[in-house]
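K.L.:
The structure that follows is given in the form of structure tokens.
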């Protein structure tokens, strides 16, 4: 991450010259990266909050640096600031992008290659968080299985902050020399108002079914950085000093314990309170921990953080953050033949080794010793590196799109034709479901289009259900979608979020039957493919099995308004990764591959043809090669 600047030894008075190094802040970086590693390894559900700690630390240190410059010179040199940031962050990032992309070829994983080539240019542009959101890449669903650069969303957030915040500080500091006076007050007010505005956006935009937007969006994560920035200003330091007095060490201990407790109980998908102010509270606590480590460097917590294990880990934290996730994906359980803690230890050891090499051979030389990296030669090097990377994305060959075997696609051959026909009964189909259905919508849309039928999809990543509180977002959109689409058939694939009591499930499905029937359409209920449960889904497997029983009962009692279609002929009774030598299901244990989605499409078209005699599906050859199989939704295949 970007929180790598040295911290001041004391909070006041402010030293406009070179700041003393504070080992405790290195230790905080070590704690943050350790949490992230354990989260991605599946051992610490709240370890993702380490990113939040990084943000708070970055906001504090960058603002402290900027205000020191204002105090010393009365202004901020934006070119000098951005040049320092470029020397600090870009060399190691450029090496990572090139090496990891080439490594995906070495291991022969086409899915990793596709993600590297799709996401890499956006990483280079520091916009990958928005790119991933645009592709509906759900953060919590296996943390972007197959996306080797998916973790760099947070680096993009910091880089965007580094682009905007110094400009704002410069504007606020005009005519106000000295951070202890008007400049400090203005920056403090801006940071406070900005953090509250960011919190308001979280409360407005948060979707209980999928919090990816508010977790990875720059606007909604700015609060973490701005709270750190707030605590770096003189007014905030003054208020904090008066509040804690001589008890700074004790308050620091309590806050550190509270942060640790949150890491122990938080769950990004199952802790809605995080996005109802909880994440903001954690950011504030993290920022206070940073500020108190600066204020009380001799406290017990600061001494523990400054001990060599955490301090050393913190010194390589940026490179370790860059490398750990690609290593996790490249050294998969299948490739290593290990799982659990043995695999975690191997992956962490390899990541640490690569991080150490990156720090010693790339980061530190460019940052501290390379004279050519400054001035005009540094600018030339930056332009040359940027151009070389841009060329790299162009010349590296793209992997061949997955091939779908037409013989594996089931369908009613007797009723199909080359072109297909909609007949009198079907003109529009509306598809509902979660991200599994969203992937299946790609071949289904192509197949229905070939038959002269329109597909409208309301399938949603990380949501799309109609059961209980998690279904509220769907119900907000569904009436308008049905009224607009005017479908003849609504297909609802039960989602992996349809958990709840049997009463909640029955209420949701019966409500769906009524709405669809009132709109003059038929409802088709289809179970979700069997999944391979991870730690997140395991507690809900009985509820998901119950959802299928309840859906079947609701359809049987609907008086013909709904039908339940058992998709076991497509998927079998359990998750099966490969069929006939071709990946059928994603390695994440949840989603489908192109082959599986195509088989499901052929099966569903056959079922519809039996119920709507005027509907004749097009021959699979008419839609299998329509380009949908190369869509980035098909990750882990």
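Just so you know, glycine gets a Cβ as well, placed from its N, Cα and C.
Keep in mind that TrEMBL annotations are predicted by a computer and have not been checked by a curator.
According to TrEMBL, the protein has these features:
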DOMAIN    23-357  domain 'Acyltransferase 3'
TRANSMEM  88-108  transmembrane segment
TRANSMEM  160-176  transmembrane segment
TRANSMEM  188-206  transmembrane segment
TRANSMEM  222-240  transmembrane segment
TRANSMEM  247-266  transmembrane segment
TRANSMEM  272-293  transmembrane segment
TRANSMEM  305-324  transmembrane segment
TRANSMEM  344-366  transmembrane segment
TRANSMEM  378-396  transmembrane segment
K.L.:
Please identify the stretch among 88-108, 160-176, 188-206, 222-240, 344-366 with the greatest number of Cβ pairs below 8 Å relative to the transmembrane segment (378-396).
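P.N.:
Result: 88-108.
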K.L.:
So if I exclude everything within five residues of the ends of the transmembrane segment (188-206), which remaining residues of that chain have a CB under 8 angstroms from its CBs? That is, six or more out.
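P.N.:
Contacts of the transmembrane segment (188-206) (Cβ under 8 Å, skipping residues fewer than 6 from its ends): 59, 63, 168, 172, 213-214, 217, 219-223, 226-227, 229-230, 233-236, 275-277, 279-280, 283.
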K.L.:
Please determine whether the transmembrane segment (272-293) and the transmembrane segment (222-240) are in contact (criterion: at least three Cβ-Cβ distances under 8 Å, sequence separation 6 or more).
P.N.:
yes
K.L.:
Give the nonlocal contacts of the transmembrane segment (344-366) in its own chain as ranges (CB under 8 Å, at least six residues past its ends).
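P.N.:
37-38, 41, 43, 87-88, 91-92, 95-96, 315-316, 318-320, 322-324, 327-328, 331, 336, 338, 373.
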K.L.:
Considering only Cβ pairs within less than 8 angstroms, which of the stretches 88-108, 222-240, 247-266 has the most against the transmembrane segment (305-324)?
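P.N.:
By the under-8 Å Cβ criterion, the transmembrane segment (305-324) pairs most with 88-108.
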K.L.:
Return the average pLDDT for the domain 'Acyltransferase 3' (23-357) as a whole number.
P.N.:
93
